Amino acid sequence: MCGIWALFGSDECLSVQCLSAMKIAHRGPDAFRFENVNGFTNCCFGFHRLAVVDQLYGMQPIRVKKFPYLWLCYNGEIYNFKQLQKQFGFEYQTLVDGEVILHLYNRGGIEQTASMLDGVFAFILLDTTNRKVFLARDTYGVRPLFKVLTDDGFLGVCSEAKGLINLKHSTSLCPKVEPFLPGHYEVLDLKPSGKVASVELVKFHSYKDEPLHTAFDTVENLPSGFDLETVKSNIRILFENAVRKRLMTHRRIGCLLSGGLDSSLVAAVLLKLMKEININYPLQTFAIGMENSPDLLAARKVAAHIGSEHHEVIFNSEEGIQAIEDVIFSLETYDITTVRASIGMYLVSKYIRKKTDSVVIFSGEGSDELTQGYIYFHKAPSPEEAAEESERLLKELYLFDVLRADRTTAAHGLELRVPFLDHRFTSYYLSLPAELRIPKNGIEKYLLRQSFEDSNLLPKEILWRPKEAFSDGIASVKKSWFSILQDYIDQQVDDLLLEKAAEKYPFNPPKTKESYYYRQIFEKHYPGRSSWLPHYWMPRWVKATDPSARTLKHYKSATQE
């Protein structure tokens, strides 16, 4: 995890523009660098580093003797860089996994480069010989990337939008900053003036397609066919492989643990693999909640079962409410459920950074979207429609849960790893017949639970624990976190303000006081940027006015069973 920033064709003084790059300094607390591009006085790179691999030669932009005309600034982890080195005989100059991008590009161009990378990434690649600039982002947008491109060819690129919104440019008062689409790369021509012109934007990978890099994976070909035992075995093998490849780091590994199925599976498999490769420190797991919340109690059980060094972060409603503005500034969104769920994750990340030496943090993001874990999937009209909804959610992850997970951890200089969004694991799961993937017997994620039933990785009551939304599970069962928030916000937002909300905010108008309150804070920091959120996250197939799982009829808390 780090922060990348680059400008091409700036009309303004670069020393002034570079101040914008400092807005993402939290992403790389270990070191930073600005570097001008030789021969292009109005082009430069900025880089904030979190040193996770190659402590000595990991600064960026990466340049190697073999390709002096290539400049690379990237944020991410490429898990198969050693397999690609072996396959193609690449001679690396550093231990940085991202160096493989330079070698792949030299060998086969940008399309093969993006398709061959097994990992999470956002990168800017400059080829000064061929006068090209390339931008690319991983399939699910696990690593963020924003860009601004003006009509006259001024390009700005950054890990977070906050590093671009205050850039100065002669022909535009407020250049349009927008997220770069996941699973795409863009080719731009670099003119002698340093300005650029977009040539093409290409989608290089679709979720359902088996990735090209599978051919060089450490897991050989799996048995085919859809009989249940084969499917369950393949799910276990691929999930374990997804966790194993993410152990690549020189820094201490930790794991978020809510006590729900997803984070518990990640923690259990992670600890098992850490023992196998003799990592000589205990796995630290982290749970957050209010006093006696369901998540804290469940996480305690899991930690005791797997034998992790467990940390509990207990917060009160006042601390949660005080964090709202910082959270919205970090997130760059006003989506209701994203803000709610981010508060706990932001506070636990703050604790990890201040009180421990864990830096690489595993988490369970992506599972709900992939394995149909949301409560409303019980209401799907058919398996086919459930499968379509699962794919829609995966496509939009970069706007919601993946955004939350990245920003709340990156705000405190932590690197997040999400094995459920492994390319090969997700493409296999999505290839299964739709009827295999739906909730069964009133239980969501039935297939995933079934796959690990005989593994003894988790206690049975955790493996079959019903879904809790993260923003609900951290509160006491008597009063959910969203109810506490709404009670506070009721006092902050006048009824008249809400009545006139559509006039003030015609795009995505707030319908509740809570959404109005978040929108006010968002507009304070990012005025006129409401289009970053195309729509609010809401459940489908139900008449819901609030995204919380607790408002749905199917929802049962532990006290109701």
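Cβ atoms are placed via backbone N, Cα and C, with glycine included.
Remember, TrEMBL labels are computer predictions, not curated facts.
Taken straight from TrEMBL:
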BINDING   Asp97  L-glutamine binding site
BINDING   Leu256, Ile288, Ser363, Gly364  ATP binding site
DOMAIN    2-191  domain 'Glutamine amidotransferase type-2'
SITE      Glu365  site 'Important for beta-aspartyl-AMP intermediate formation'
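The Cα of Glu365 (site 'Important for beta-aspartyl-AMP intermediate formation') lies closest to that of Leu256, out of the binding-site residues Asp97, Leu256, Ile288.
Reported as a whole number, the C-alpha separation between Leu256 (ATP binding site) and the residue listed as 'L-glutamine binding site' equals 25 Å.
The separation of Ile288 (ATP binding site) from the residue listed as 'L-glutamine binding site', Cα to Cα, is 33 Å. Ranked by Cβ neighbours within 10 A across all protein chains shown, the recorded positions Asp97, Glu365 are led by Glu365.
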